[in-house]
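TrEMBL has this to say about the protein:
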type: COMPBIAS; residues: 336-347; note: compositional bias 'Basic and acidic residues'
type: REGION; residues: 336-365; note: region 'Disordered'
type: TRANSMEM; residues: 45-68; note: transmembrane segment
type: TRANSMEM; residues: 80-104; note: transmembrane segment
type: TRANSMEM; residues: 110-133; note: transmembrane segment
type: TRANSMEM; residues: 140-163; note: transmembrane segment
type: TRANSMEM; residues: 175-196; note: transmembrane segment
type: TRANSMEM; residues: 208-229; note: transmembrane segment
type: TRANSMEM; residues: 241-260; note: transmembrane segment
type: TRANSMEM; residues: 305-326; note: transmembrane segment
Amino acid sequence: MQTYLLSQQFNVGSLAESSMACPANATICNGTSCVLPEDNFNETLSVILSTVLTIMLALVMFSMGCNVEIKRFWSHIKRPWGIFVGFLCQFGIMPLSAFLLSLIFNVLPIQAVVVLIIGCCPGGTASNVLAYWVDGDMDLSISMTTCSTLLAMGMMPLCLFIYTKMWTDSDAIVLPYDSIGISLVALIIPVSFGILVNHKWPSKAKIILKVGSISGAVLIVVIAVVGGILYKGSWTISPKLWIIGTIFPAAGYSLGFFLARVAGLSWHRCRTVSLETGMQNTQLCSTIVQLSFSPEQLELMFTFPLIYSIFQLLFAILILGGYRLYRRHRVKTKTDVEKTDEKEDSKSTSSHAKVNGGFVSNESK
């Protein structure tokens, strides 16, 4: 693992909490967490799974593109009000929330920095799959993810410069522009092919979309499980980070929905903006953390991106479940009302026909 030392000095020894039992092969253990050395099996497993997951993710994004119409997608680009609202949520609400949470819970400087890195990351591709399952605006979801990833190349350094000045020198944080570029390419190319398929063969696109949406849901869970296997860091970290990891994604979803509604967006677009706001690219955050901090500093916040990833997925599942229950209840209630109205119309038609001696059709019976 290649690491770069921060220019800002952190007194790790004095910040560590009371020592706890760590595995015998732990390279670092000061009581807050343990970092274990990579073994050959772990390295091989990481390469294989990364390759497989990358291919699967490309196929899922291809299927998501099959639900995007060129005219609607282009309308979002020409009239980017929804994208602009998403931009304010992504690079306005999330970094500010990270900053306030770090201050409120008075975390260590090194921990505050990693919380801010999470807040400054662009939206993750998992939000596109979840937006589909909550009947969101897929055209807006794809365009928001694409724009946030593209704008992250400039907005991430700016946000980190603004919010991390009180804790460390932002120049010490290494931003992997190559990883951001790869994420952008991996998003644009498969989605573009999906849009093309939907334009030329809409019937086939629907089949691909159904298969891809199910595969995407499975992929999200697999990525979460794989992350827990590959990162063998101890989960014995500061309780404050557990609390922040729980509150942060919930705040992102809630504030994103609220701002979108205040901005006058429709309900299905509000759901889309909400998911795009709370669902962060935690893989990118993990890369930045590993490139920017020494092993001694990693022990204080090594697993926070995983904590955020778990809770952002958990809250997203709760949102999905709540929406599905609401939709089922609404459709059932609406159907009952329609049947009642039909019966009342049928009775009034029959009585009107008897009074006037008219003909009663079979449809009114």
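Cβ coordinates are placed from backbone N, Cα and C, and glycine is handled just like the others.
When Cβ-Cβ distances below 8 Å are used as the criterion, the transmembrane segment (110-133) is approached by residues 10, 12, 15, 57, 60-61, 64, 67, 86, 90-91, 94-99, 101-102, 141-142, 144-145, 148-149, 151-152, 155-156, 159-160, 163-164, 167-168, 173, 180, 183, 187, 209, 213, 216-217, 219-220, 223, 238, 240-241, 244, 248, 271-272, 275-277, 279-285, 288-289, 293, 297, 300-301, 304-305, 308, 313, 316, 319-320 of the same chain, each at least six residues removed from its ends. In terms of C-beta pairs under 8 Å, the stretch of 80-104, 140-163, 241-260 lying closest in packing to the transmembrane segment (175-196) is 140-163. Note on the transmembrane segment (80-104): residues 111-112, 115-116, 118-120, 122-123, 137, 140, 143-144, 147-148, 151, 155, 159, 162-163, 244, 247-248, 251-252, 255-256, 259-260, 263, 265, 269, 272-273, 276-277, 280 of its chain, located 6 or more positions outside it, place their CB under 8 angstroms from a CB of the stretch. Taking Cβ pairs closer than 8 Å, the transmembrane segment (140-163) reaches residues 64-65, 68, 73, 76-77, 82-83, 86-87, 90-91, 95-96, 98-99, 116-117, 119-125, 127-128, 131-132, 170, 173, 175, 177, 180-181, 183-184, 187-188, 191, 269, 272-273, 275-276, 281 in its own chain, all 6 or more past its ends.
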